[in-house]
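S.K.: Straight out of TrEMBL:
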SITE      13  site 'Transition state stabilizer'
SITE      20  site 'Transition state stabilizer'
SITE      152  site 'Positions MEP for the nucleophilic attack'
SITE      208  site 'Positions MEP for the nucleophilic attack'
Ligand SMILES: Nc1ccn([C@@H]2O[C@H](COP(=O)(O)OP(=O)(O)OP(=O)(O)O)[C@@H](O)[C@H]2O)c(=O)n1
Ligand SMILES: C[C@](O)(CO)[C@H](O)COP(=O)(O)O
């Protein structure tokens, strides 16, 4: 299984002056934790990391420091996550039929989750890891008035890994570029093109490190997991 890691963001919501994936979390750069989990996944045989050129050296240092024992390629990222994934898809080795996309910022995903996700691609053309929503969700208008309360039993919070047949995902990305769609995950491109996407139950702890509060929670989770 081929894995693409979008790692080319700015981390604006983190309020940091550099890519949040280079910040230290429990003694290592955040991205190192993501790579360590990918390295321990049996299913993953190749890793592509989409990054901004100013981060290439730092990312190469992380790869060297943790001694990733699988082929790893650093790929130029884009202005948005969607464009970074597009670039990653173009850089996949010839013959790659299926791919997992996993946010560098979801550094607490376990190797078991990667392996379960990889197995899911035997039964569908596209899936996402997701967990049931715990809160009551409100749909609100632009003036701050509630319009609706959707049935929570049907709401799932999207995570990554998300996995796809490469040919299909490439076609959906091309359609998105042609029609100027802007989406925040890859599944949305398949949905807009009318293709089914399955849910694989994700992990409660697989949070996306977005704000300083998330960093503190991740620090706690790692301290509980590790000796
Ligand atoms: N141009 C971009 C933007 C985001 N990402 C990646 O997509 C993942 C999810 O994005 P997010 O958490 O929103 O990261 P940032 O864009 O860095 O955060 P922010 O929106 O707060 O700036 C991250 O691993 C991020 O590095 C990417 O590869 N290319
Ligand atoms: C793909 C994702 O992690 C699923 O939750 C998320 O949509 C990334 O979006 P963001 O807007 O870049 O945080």
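Glycine is treated like the rest: Cβ placed from N, Cα and C.
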S.K.: Using a 10 Å cut-off on Cβ-Cβ distances across all protein chains shown, tell me which of the recorded sites (20, 152) has the largest neighbour count.
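M.R.: Most Cβ neighbours within 10 Å: 20.
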S.K.: Which of the three DSSP states, helix, strand or coil, fits residue 152 (site 'Positions MEP for the nucleophilic attack')?
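M.R.: Residue 152 (site 'Positions MEP for the nucleophilic attack') sits in a helix per DSSP.
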S.K.: Does anything in the same chain, at least 6 positions from residue 208 (site 'Positions MEP for the nucleophilic attack'), have a Cβ under 8 Å from its Cβ, and if so what?
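M.R.: The answer is 103, 105, 106, 159, 214.
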S.K.: Taking the recorded sites 13, 20, 152, which residues show a Cβ-atom distance to ligand 2 below 6 Å?
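M.R.: Passing the 6 Å Cβ check against ligand 2: none.
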S.K.: Tell me the coarse DSSP state (helix, strand, coil) of residue 13 (site 'Transition state stabilizer').
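M.R.: It is helical.
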S.K.: List the residues of the same chain that sit at least 6 positions away from residue 13 (site 'Transition state stabilizer') in sequence and have their Cβ under 8 Å from its Cβ, in sequence order, or write 'none'.
M.R.: 210, 211
S.K.: Expressed to the nearest Å, what is the distance separating residue 20 (site 'Transition state stabilizer') and residue 152 (site 'Positions MEP for the nucleophilic attack') at their Cα atoms?
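M.R.: Spelling it out, the Cα of residue 20 (site 'Transition state stabilizer') and the Cα of residue 152 (site 'Positions MEP for the nucleophilic attack') are 32 Å apart.
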